[in-house]
Amino acid sequence: MHKPRCSLPDVLGVAGLVRRRRRYALSGSVWKKRTLTWRVLSFPRGSALSPDTVRSLLHHALAAWGLESGLTFREVGSESPAEPDIIVDFARAYHQDSYPFDGQGGTLAHAFFPGEHPISGDTHFDDEETWTFGAQGITPQCPLFGEVLSPDLSALKKSV
């Protein structure tokens, strides 16, 4: 309970108030297509990770989810006329959603369930954290994409 995790609250409903049985929240939302596009809006500032390294790590994380989910992920550049399905952003404090980050050492990241809302699927990392590659870096955040794909998928025993 004291480990850093996604900052978005679990929505449990009335049944969850009476007796908690699930280890995850069901949103009931899924992607209506099999190929999802993604783009990095901003990269970590003050990090030793180059933008190419961050993009490579995200490619690997999404590929791992693709194997389990049957989804395909395609990166699109900023010149793409269509808005991507998933926007990855390294942001600080208040950052145009209702879930501000709390600075270094607290909430590491959060992601939004699939759906039709403009923020659906977006994944935000706290840019005040020191992002690295490895055991304490971006790689452990791979499970965060489970919330983006489907909360049911992230609860599977075989999930990433």
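Glycine is treated like the rest: Cβ placed from N, Cα and C.
In TrEMBL this protein carries:
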type	residues	note
MOTIF	4-11	motif 'Cysteine switch'
BINDING	Cys6	Zn(2+) 2 binding site
DOMAIN	27-155	domain 'Peptidase metallopeptidase'
BINDING	Asp85, Asp122	Ca(2+) 2 binding site
BINDING	His95, Asp97, His110, His124	Zn(2+) 1 binding site
BINDING	Asp102, Gly103, Asp126, Glu129	Ca(2+) 3 binding site
BINDING	Asp127, Glu129	Ca(2+) 1 binding site
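Packing around Asp126 (Ca(2+) 3 binding site) is summarised by its Cβ count: 25 other Cβ atoms lie within 10 angstroms of its Cβ, all protein chains included. Spatially close to Asp85 (Ca(2+) 2 binding site) yet at least six residues away along the chain are Trp31, Leu36, Thr37, Trp38, Ser120, Gly121, judged by Cβ distances under 8 angstroms. Here His110 (Zn(2+) 1 binding site) is positioned 9 angstrom away from Asp122 (Ca(2+) 2 binding site), judged by their C-alpha atoms. The Cβ neighbour count for Gly103 (Ca(2+) 3 binding site), using a 10 Å radius over every protein chain in view, is 12. Between the CA atoms of Gly103 (Ca(2+) 3 binding site) and Asp127 (Ca(2+) 1 binding site) there is a gap of 8 Å, rounded to the nearest whole number. Per Cα geometry, Asp126 is the residue among the binding-site residues Asp126, Asp127, Glu129 nearest to Asp97 (Zn(2+) 1 binding site). Each residue in the motif 'Cysteine switch' (4-11) has a pLDDT score, and their mean in this model is 51. The most densely surrounded of the binding-site residues Asp97, Asp102, Asp127, Glu129, judged by C-beta neighbours within 10 angstroms, is Glu129. Under the DSSP three-state reduction, Asp126 (Ca(2+) 3 binding site) is assigned to strand.
Asp102 (Ca(2+) 3 binding site) and His124 (Zn(2+) 1 binding site) are 13 Å apart (CA-CA, integer value). The Cβ neighbour count for His95 (Zn(2+) 1 binding site), using a 10 Å radius and every protein chain shown, is 15.
Highest local Cβ density among the binding-site residues His110, His124 belongs to His124, counted as other Cβ atoms within 10 Å over all protein chains shown.
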